[in-house]
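Inspection log for the structure reproduced underneath, given as structure tokens.
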Amino acid sequence: MSAILSADDLNDFISPGVACIKPVESLPQKESQSENPYEVTKEDKVQPENLPPAQISLTDCLACSGCVTSAEAVLISLQSHTEVLNTLDSYPELPLGSTSYQRGTQKVGSADSDGRIFVASVSPQVRASLAATYGITEREAKYMIDQFLMGPHGLRAGGKHGNGFTWVVDTNVMREAVLALTADEVTSSLLSTGSGSLPKSPILSSACPGWICYAEKTHPFILPHLSRLKSPQALSGTFLKSVLSKALGVPPSQIWHLAIMPCFDKKLEASREELTDIAWASTFTQSQTTPVRDVDCVITTRELLTLATARGLSLPNLPLKPLPASCLTPFPDQALESFLFSKSSSGQTVESGTSGGYLHHVLQIFQARNPGSKIVTQRGRNADVVEYVLMSSGDEPLFRAARYYGFRNIQNLVRKLKPARVSRLPGAKPQAVSSSANRRQPMSRNAAPAGTGADYAYVEVMACPGGCTNGGGQIRIEDAREAVPNALKETSTETPVAAPKPTPHEQRAWLARVDEAYYSADSDSEGSVTTEPVSVLSRDNQIHEFLNYWSEKVDIPLSRLAYTSYREVESDVGKTKNAPNETARVVELAGKIGGGW
């Protein structure tokens, strides 16, 4: 697969394959059978049928295996800034800021109401991209987003209803929850003897939707290895809709959740059937008609700029300071609010990487449980492949793990994990497909032996080279030049007028600038209050207390709130189809225009 890639293909999405399940061309209209069967009709008399334009919904793309991901055009047309504006103008905002509103006691809506509660979640990679673009700190980028989504000078300054977002949360909080649960999952897998509810070793991270879509459609033997945990985006959606629905007495359908992410494939994730209220809601509160998504819409960092432009707003002109208390609405539960909007959320270090630090956290947990142990790092064939071995005080390997970023490296990992080829000859031994690859693996004198894939306990897998700060939806250097011509003087020596296409060196420098903003989130945190460092095990205990409190508050088991499932997507290309059933299936899919259910 990698042999046919070109420079134009090195982005976050792959255009639709030729085996798409929706027709995009119309055949000539058939003449009525009542006419003379012997009549000769000239070709120019045959008029094409006047059919409506073919549309491919995001749900259709997920039901098809002709491609790895959907096209950028499909993604933007279904989940974009236009959908955000249309939704804000279509529904009035439920009033939560009135004097009669009290925490957890005032019911603000009903199933018959047309109002909506608008909430948003923002990825730290988005803030880093904005910070690099406008030459501000990551904290100031947070203020900019809050002012735009919630403040009086942002979205609330226009539109039919003057709507804005009631709460904007940082996905870092739910990322920490996923990190704690990931360490539990890896520990249970190592101690398990093959429980059906646990993934097989090695456990592969599942937070990257591009990687998940690739595995489901091309390598189903990988699915038993995938972590069952939801991503921070999905867990944020489940948290917001379950808590607000319970506390405010509104159905999940009246809570509209927008996620701002660095990646186009996050739109795919939001459209999964497994990530709706049916997966977690109780019998008495779940939707009676159609499932409600945990994340209603996903836009990328670049689309956030487009959203501001569509409303005639300039993001850098917004106040780079916190919103006044009069513009903030208290969260229904004070205990959850103190955790959700806590300023002590852990930031990122260079060692943890740019994609959430899943592997780094697991290594820290196991190192804390084994005093005197040390982590030995060995770089792979490129910077996006790194192997880790936790060595005991007696230099015995305790734990092996790895990081694989980018589809080229992912394919090498998949080949390592591919089951042994069973010979058809009687008495022949099965041959592992990765033996030759292992012989070619370079060895360092002081490093631990390289892993074969199967001996890893955990692997952090991300589709984008360089990780999530390099997501396909991030602001590119050419976009930043147009947005702020003077903000990139140190990155580009050219004048902002008619600037040439960025060179690879300039693109690497730009990505390094985004990474720097991402890693500096802790150093520019608001205020000068210093807190005592919390050990990784103590922080894990705090996270588990929060998760247990959430589960008890909504009266739903944590297993239904935080975990999900995956399924093989089979190709029907070239198979004999039952015409009536196939027609019904296509008609059903065609009715799901706009990514609906």
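Numbering starts at 1 and runs along the chain as it is shown here.
Positions of Cβ are set from backbone N, Cα and C atoms, glycine also.
Swiss-Prot assigns the feature region 'Disordered' to one of the listed ranges (216-241, 424-449, 502-527), namely 424-449.
In the record from Swiss-Prot, residues C263, C464, C468 bind [4Fe-4S] cluster 2; the candidate from C208, C327 listed for the same site is C208. In the three-state DSSP scheme, C208 ([4Fe-4S] cluster 2 binding site) falls into the coil class. Taking the Cβ of C468 ([4Fe-4S] cluster 2 binding site) as centre and 10 Å as the limit, one finds 26 other Cβ atoms among all the protein chains shown.
Sequence-distant neighbours of C208 ([4Fe-4S] cluster 2 binding site) (same chain, 6+ apart, CB under 8 A from its CB) are S231, C263, D265, S355, V461, M462, A463, C464, C468. Here the Cβ of C464 ([4Fe-4S] cluster 2 binding site) has 26 other Cβ atoms within 10 Å, regardless of which shown protein chain they belong to.
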